[in-house]
Amino acid sequence: MSSYGGGYSGGGGGYSNNYDRNGGYSNGYSGSNGYSGGGGGYGSHGSRSYGGGGYGGGYGGGDRGGDRMAGLGSGLQKPNWDLATLPKFEKSFYKEHPNVTARSMAEVEKFRRDHNITVSGRDVPKPVETFDEAGFPRYVMDEVKAQGFPAPTAIQAQGWPMALSGRDVVGIAETGSGKTLTYCLPAIVHINAQPLLAPGDGPIVLVLAPTRELAVQIQQEINKFGKSSRIRNTCIYGGVPKGPQIRDLQRGVEVCIATPGRLIDMLESGKTNLRRVTYLVLDEADRMLDMGFEPQIRKIISQIRPDRQTLMWSATWPKEVRNLAADFLTDFIQVNIGSLDLAANHRITQIVEVISESEKRDRLIKHLEKIMDSRDTQNKCLIFVGTKRVADDITRFLRQDGWPALSIHGDKQQNERDWVLDQFKTGKSPIMVATDVASRGIDVRNITHVINYDYPNNSEDYIHRIGRTGRAGAKGTAITFFTTENAKQARDLVSVLQEAKQHVDPRLLEMARYSGGGGSSRYGGYRGRGGGGYRGGHRSAAHSGANAVPVANRRW
């Protein structure tokens with residue numbers, strides 16, 4: 001079997017960073033958005049032209065309602081795949097390094113135990129312990145080493161040999177574990193071994209992601225590690241104009257990263273096809289199912305040849321994800337990093353404070369004063385709230401109190417969301433207020449603190465929220481405000497805290513014992529103060545106004 005197809009021949013037309021052509025951050029913003037510049041690109045459009053920009057209404061390109069999601073893909077016809085007549089393709093590239101071959105199974109099992117790796121399936125390859133052992137081509141390894149990583153992460157050590165072997169793979173690992181590179185680097189090798197794209201061909205590699213933020217981040221990784229090659233890629237997601245995305249697809253791209261709704265829109269309108277896809281990635285599969293994308297995922301996969309290689313990545317392994325894997329993966333091998341039971345990252349210090357709604361603002365300020373005490377610490381704080389209105393209220397309150405906070409939620413236009421995320425990533429605005437939906441897929445490294453201003457609906461969302469900190473081996477702190485309104489969640493929260501060997505507030509323990517009714521009067525009644533206690537605050541529909549409020553008497 002040949003190794004890597006004998007060098008990189010490209011795909012014609014040169015490498016392009018299509019996201020920049022879609023507008024990037026360069027258009028400027030105007031009016032109530034509070035940004036200087038303005039004119040051109042997305043910033044000059046009125047907010048109505050984005051169809052709400054949300055996850056229900058945004059996928060159709062901005063001018064069609066959220067209920068269109070229900071009918072997405074109804075016009076797609078399932079191809080009649082005849083494997084006997086389909087062109088053959090190469091998908092097995094792994095050649096075990098002599099060092100790996102020489103390791104005994106006892107040594108392999110010790111490595112897996114030390115790194116919390118468990119595997120299942122037939123003939124799972126041994127893990128690699130160094131980048132050189134993975135056997136990637138020189139042009140890939142040069143980019144990896146340039147990033148300064150000391151060694152592969154656990155998911156990479158086991159996942160690279162699995163992906164390079166051409167097998168279908170399931171990977172269960174927390175976000176921030178390095179899984180994006182686990183499938184991106186083998187994707188580059190896979191593309192290198194395929195025939196060049198012909199006019200009218202669709203992509204060779206398709207990556208499906210739940211949100212546009214995650215899709216853009218995946219593209220940035222592919223850009224980074226494909227810099228020395230000539231792989232072309234594009235990012236397809238809703239909430240922005242279709243024109244630049246259509247142009248990219250029609251020019252030809254080897255890699256397409258997409259959210260399900262916008263991709264189906266492109267397929268139905270004939271702007272692209274999936275006939276050439278031989279490497280399929282489902283990233284954050286559990287989140288895609290949580291967000292109701294299962295029908296769209298099934299329709300998309302029906303458009304791809306059945307002998308493709310499929311890699312499914314998920315932070316959790318619930319029944320719905322298992323069913324999807326059983327339906328669309330063949331003889332798959334599986335790698336799990338850590339426990340399959342839902343559990344919090346043990347590197348995160350969890351602090352839960354039982355307080356009333358009316359105490360939240362003052363308590364938030366006290367924590368921010370400690371967190372942001374020194375500019376040298378480069379701390380970043382992500383604040384989770386329950387609604388878009390509270391996100392705007394909190395942001396306005398913090399900015400008026402001198403804190404450089406910005407908010408992100410589903411009603412924000414895409415260009416503003418990109419700008420806010422960039423400000424947070426770079427530390428120019430080290431405090432970000434977010435709702436759950438807007439935060440999904442956001443992968444910002446070095447978040448030191450998470451504050452749950454409003455407690456989420458369940459312990460799974462709690463674990464996902466606090467998992468934004470403590471990534472890639474770092475430590476983190478999660479602070480949670482818990483009120484009588486959340487009493488029904490007390491028992492589950494206590495279980496999470498005890499499993500992670502965290503301190504449990506005696507009041508929370510007592511609440512867990514009496515948590516049958518939610519909001520027991522023994523804790524006082526703070527009912528009716530939902531939305532964070534902002535009785536006199538802004539109550540209109542969420543706009544960009546909160547991010548435009550001047551920061552008064554900066555406290556940081």
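Every residue gets a Cβ built from N, Cα and C, even glycine.
Looking at 23-26, 39-42, 119-122, 283-286, the range annotated in Swiss-Prot as motif 'DEAD box' turns out to be 283-286. For the ranges 166-188, 304-326, 419-441, 534-556, the feature annotated in Swiss-Prot as region 'Disordered' maps to 534-556. Swiss-Prot lists motif 'Q motif' at one of the ranges 129-157, 332-360, namely 129-157. The ATP site is defined by ALA173, GLU174, THR175, GLY176, SER177, GLY178, LYS179, THR180, and by the 8 Å test on Cβ atoms against their centroid, the other residues of the chain that qualify are THR153, ILE155, ALA315, ILE337, ARG471.
Neighbour density at the Cβ, taken as the number of other Cβ atoms within 10 Å, is lowest among the binding-site residues THR175, SER177 for THR175. Packing against the motif 'Q motif' (129-157) from elsewhere in the chain are residues 4, 8, 94-97, 99-100, 111, 115-117, 164, 171, 173, 177-179, 181-182, 185, 188-189, 192, 224-229, 335, 337, 472: each is 6 or more residues past its ends and has a CB under 8 Å from a CB in it.
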